[in-house]
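According to TrEMBL, the protein has these features:
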{"type": "ACT_SITE", "residues": "271", "note": "active site, proton acceptor"}
{"type": "BINDING", "residues": "58, 60, 271", "note": "Zn(2+) 1 binding site"}
{"type": "BINDING", "residues": "65, 66, 67, 96, 127, 160, 224, 275", "note": "substrate binding site"}
{"type": "BINDING", "residues": "192, 221", "note": "Zn(2+) 2 binding site"}
{"type": "DOMAIN", "residues": "49-359", "note": "domain 'Amidohydrolase-related'"}
């Protein structure tokens, strides 16, 4: 099927001017001016904005939570919520609860989302160490399970973690690297970083005192505090990738990252359908909310309202996660990449979502 998108202001995520985009068999085939293509379905977008489909690299696609008992289990996500949020590629993970939620269920949900039209991958594991996998082995999961591209989210510096030792973390990262090499996948370890005093010290220790490249360690929730974020900035300056959880307060950290020159090593994720628990000083749960994926692009819009550069912020949900996760056909509007495109109006509201060349969302303007 040929689909011709005409008269778009195209951000690849870098602005390249007003162009037409031809999508054929789910791939971008041409990006030029004044295209005329016989037998194509033509959508005249009349000067709207085209950006790459968003990549959300940390979503609890089968739900999460449970820190306050069974009534606090969060629901699994729907394809509609992801598409409404502009997300065309999602990475699913388990969190605290790896007892009533399983890797097999996570895998099946990922396959479901793929069949419904978007692209989906998963991390093997959860907060816990030893890592709970599908095959019983991290390397085997990466090599043999098509959807597994890394490990996570392994909890460190958190009262809900398994209190893993440095040696245990080293072995997990080493196995992820080798599994990634054999399978030609990213082989990253997505680390849930809590409020603990040690922060990401283990990750610095591994980067500085082993032969494992720093880019195999991918800490998330690094915006928990200014102290943790400044430590994460150091990590990024050494070549590592860091991840901010989208929120109302994330704009300050995005601005710091731009000013510190590390925005190319930063991603932003929603933590969608994970729990947002609040604990008192004694570790008792006092409140729990459910994270939404809509916060991902809303955070980008808030950053633009604060006069942050649109291209720089857009990279955190497009080309940057594609780079850290080794998704070579994602995160860019370029020839021969996947036909994942989000169309925005002049106020940056999402009007259309195209995933692998198919129109999945359309808002009549």
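Placement of Cβ uses the backbone N, Cα and C atoms for every residue, glycine included.
TrEMBL annotations: computationally assigned, not manually curated.
Cβ neighbours of residue 221 (Zn(2+) 2 binding site) (same chain, under 8 Å, six or more residues apart in sequence): 192, 193, 194, 243, 245, 271.
Note on the binding-site residues 60, 224: the fewest other CB atoms within 10 A surround the CB of 224. For the binding-site residues listed here (58, 160, 192), the lowest count of other CB atoms within 10 A around the CB belongs to 160. Residues 59, 64, 93, 95, 153, 220, 245, 269, 270, 272, 273, 274, 291 surround the recorded Zn(2+) 1 site, their Cβ atoms falling within 8 Å of the Cβ centroid of 58, 60, 271, which are themselves excluded. The 10 Å shell around the Cβ of residue 66 (substrate binding site) contains 20 further Cβ atoms across the protein chains shown. Residue 65 (substrate binding site) and residue 58 (Zn(2+) 1 binding site) have their C-alpha atoms 14 Å apart, to the nearest angstrom. For the domain 'Amidohydrolase-related' (49-359), the model gives a mean pLDDT of 96.
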